[in-house]
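A.B. asks: This is the feature table in TrEMBL:
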- B:25-51: transmembrane segment (TRANSMEM)
- B:57-78: transmembrane segment (TRANSMEM)
- B:113-233: domain 'Palmitoyltransferase DHHC' (DOMAIN)
- B:159-183: transmembrane segment (TRANSMEM)
- B:195-221: transmembrane segment (TRANSMEM)
- B:306-417: region 'Disordered' (REGION)
- B:332-344: compositional bias 'Polar residues' (COMPBIAS)
- B:360-398: compositional bias 'Polar residues' (COMPBIAS)
- B:404-417: compositional bias 'Gly residues' (COMPBIAS)
- B:490-658: region 'Disordered' (REGION)
- B:534-543: compositional bias 'Polar residues' (COMPBIAS)
- B:565-575: compositional bias 'Pro residues' (COMPBIAS)
- B:620-630: compositional bias 'Polar residues' (COMPBIAS)
Amino acid sequence: MATEFHNLQELRHSASLANKVFIQRDYTDGTICKFQTKFPSELDSRIERTLFEDTVKTLNNYYAEAEKIGGQSYLEGCLACLTVYLIFLCIETRYEKVLKKISRYIQEQNEKIYAPRGLLITDPLERGMRVIEISVYEDRGSSGSSSGSSTTSSSGR
Amino acid sequence: MPVGLSVGGALGDPSPSRPFRPSRYVPVSAATAFLVGSTTLFLCFTCPWLSERISSIIPLYNGVVFLFTLANFCMATFMDPGIFPRAEEDEDKEDDFRAPLYKTVDVRGIQVRMKWCSTCRFYRPPRCSHCSVCDNCVEEFDHHCPWVNNCIGRRNYRYFFLFLFSLTIHIMNVFGFSLLYILHHTKQLDQVNAGVTMAVMCVAGLFFVPVAGLTGFHVVLVARGRTTNEQVTGKFRGGVNPFTHGCLKNIGYVLCSSQAPRYLGRLRKPRSLQVQPPFLRPPLSEAQLAAKVLDNGIQQSKSSLEIMESQSTDADPPPPPKPEHRYPGLPHTQNEECSLLNETPPTPSLYKYRPAYSSPGKNHTASTHSSKMSRGNSMTESPSVPVTTGQPSYLSDPSLSSRGGAGCRGGGEGGRAGSGGLGGASAFGGRSYPSFTDTLLQSAAASCSSSLRSAQTAHNALGPLISEGTTSTSYKSLANQTRNGSLSYESLLTPSESPEFESAAHELSPPRPHPPNSLSTVPGPPHILGYTSPFLSAQQREGSLQACPAPLRPSPNRAFLRPTSSPPSRAPPLSPRARSLGSPPPGPAPGHTPLGKSLSYGGGAELQHRPSTSGGGTPMPNSTFKQNVANHHAHSHKPAGGVKKVTGVGGTTYEISV
């Protein structure tokens, strides 16, 4: 009895990690960094499809921008060669700049969209850019009480 | 910090505690010595005369080229080649533990195989390879270069290529100018300067041939858009390279792309965001509402049995699985109904497929199942059963059966059994999120490493029953013996089954090899059980156990397991027994395979789906299988000496031979 009480009070307003959904890479265009926009079914009841797809598409665009081979990257390369790569100590490469942008974007998405829905996106960089990890949280408030009751019932078995 | 330098593999994350092998440093030391030494001698002894007599530009030019060479050499040596950090334990849970060793992915219209890396715990992205020297998976792995003592991968390939290029130029310069010197000093060859110059010339001349050859080789590779690994293994021999974008673009990619970021050694921002309920929920669509109505009746009756509900504010039962994930006509919870009816049901649809990927309905309802089951079966040590949700739920079994300790051959189970299984599953109040402890994996890894590698690489180790096809068709679980305790059950059934199954559900068939519909034609559930239980996630197995008559159940296993152990290692009385009985037969004992195979293919129909490539090691006619199964049936009815009956959830009885 006391345990139940304790659980209830403690767990009333917290969320526990229930599941993790992994959005895999989309390799149809080669090894460029691109994630699948397919909506995972675990999130079916958690977030609107359009929001999710927007997030992933924006991320894909960011990565495409980072990996773009154009004037800026060429210039960076030349400069690096000329300075015997010491330039890397001073400036941030294009990719790093875009990664910072991505990180800010993910943070913002988490704050605005995902956290209110009990989800959290992890920056794919932490996973070696192999997956986007979405942590799914469940409301622990009621589950606290039910676990208490299960204690009673299981002990009664 | 913009700098991306790090010693490949030396950072803690990817490969902890590699033994210090001084022999690894010999080539790189020699290369450094030759490069720096020879050039210094050249600059000191030859260049003064050259600058006086010919031009002072010469030493400057040589100095610049040498500096460039040295810089590229250092970058190639010290830069992280693109090492993937090890996947965290929770990442591979989404794959069924019997998921195949290979996953096929479509790259620009060409099928490319991604292999499961048992060390790094993920499917290697295309062009990624695991370096055995560095013990890391490297992105766009080219090769491991002993001269720089580093892998060459996506991040440092450019520097390596430029190093080779500039070294060739440098050698040509040094040789050329030294020759010039010698030709002007033919009468003073006894001088020190001349002597040194001649020595330098010899060294330069000696190294020129291999270095130039290698440079030429890499020029061709860059132009063709291939890595050394791909070239040497002949991946695209006679085929199309999906990674090439044309010669110019390939060169552009190598030389002009922005420096790729490193994955290791990054500062992780602490997550400051709090996730607080209540949570917003999207409005349900029409289809979902309709499906919910369908499910409501069944789920309501189970609600009292559920340990936890998904949300406090939401009174609805967990959302149903999408219709396409369900076998048409059979609701997800049918197995529970069957158990209640206590008769042999027609083979439930649940067994006919493995969840290809996590789906919410399966997750939610599965979690309720598993929570229900495990409450009865499992470790009653913690009331909030660490049974997890959905896909992860099957791993609760592993933790259970990992306590059974059979997961890893070679011992060490007992020690980790108690701590690993439960400790690994951190119990939150309601739902627990299981996570393997590193120690669990590492201890298992330590004891299983030999079987791991042998299982993965030397398929011959598994005996003649494993055909050549199994390199492509083995389960990652074979390669990955540390994974989870469900493996213990599988190992009890002997690994020879897995290639069998794998060949039946091949990478050539749908990417997710599920037991095909042919299972419906198999007579009798016990065959399915013996066959499918390793492949089912926990809730399915629980259901199957409930659904099928108990006496028949253990028999398939008993017949070929020595010592026998019970399938329902989930039941608490069983797991200690399983542990005591259950060091599985040492190694993938080929001796067991005939029986094991027959049982795993008790679903004789399974054979129909086995592609011919697997025929090499595993031919067994349907009739033989059915006969063997029939024999086992016969066995099942006579209780062996010392059979203990254990009552599980729902009143089913398990017979375990002691």
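Keep in mind that glycine also has a Cβ here, set from the backbone N, Cα and C atoms.
Could you place these features in context, so I can see how deep they sit and what lies close by?
C.D. replies: Looking at the domain 'Palmitoyltransferase DHHC' (B:113-233) alone, the prediction's average pLDDT is 93.
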A.B. asks: Could you name the stretch, out of B:25-51, B:159-183, B:195-221, with the greatest number of CB pairs under 8 A to the transmembrane segment (B:57-78)?
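C.D. replies: Maximum Cβ contact count belongs to B:159-183.
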A.B. asks: So what's near the transmembrane segment (B:25-51) in sequence-distant terms, Cβ-Cβ under 8 Å and 6+ beyond its ends?
C.D. replies: 58-59, 62-63, 66, 69-70, 73, 77, 146-149, 167, 170, 174, 177-178, 180-181, 184, 192-193, 196-197, 199-200, 203-204, 207
A.B. asks: Just give the helix, strand and coil counts over the domain 'Palmitoyltransferase DHHC' (B:113-233), going by DSSP.
C.D. replies: 66 helix, 19 strand, 36 coil
A.B. asks: Using a Cβ cut-off under 8 Å, which residues of the same chain at least 6 positions beyond either end of the transmembrane segment (B:195-221) come close to it?
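C.D. replies: Same-chain residues near the transmembrane segment (B:195-221) but 6 or more away: 34, 38, 41-42, 45-46, 160-161, 164-165, 167-168, 171-172, 174-175, 178-179, 181-182, 185, 189, 227-228, 231.
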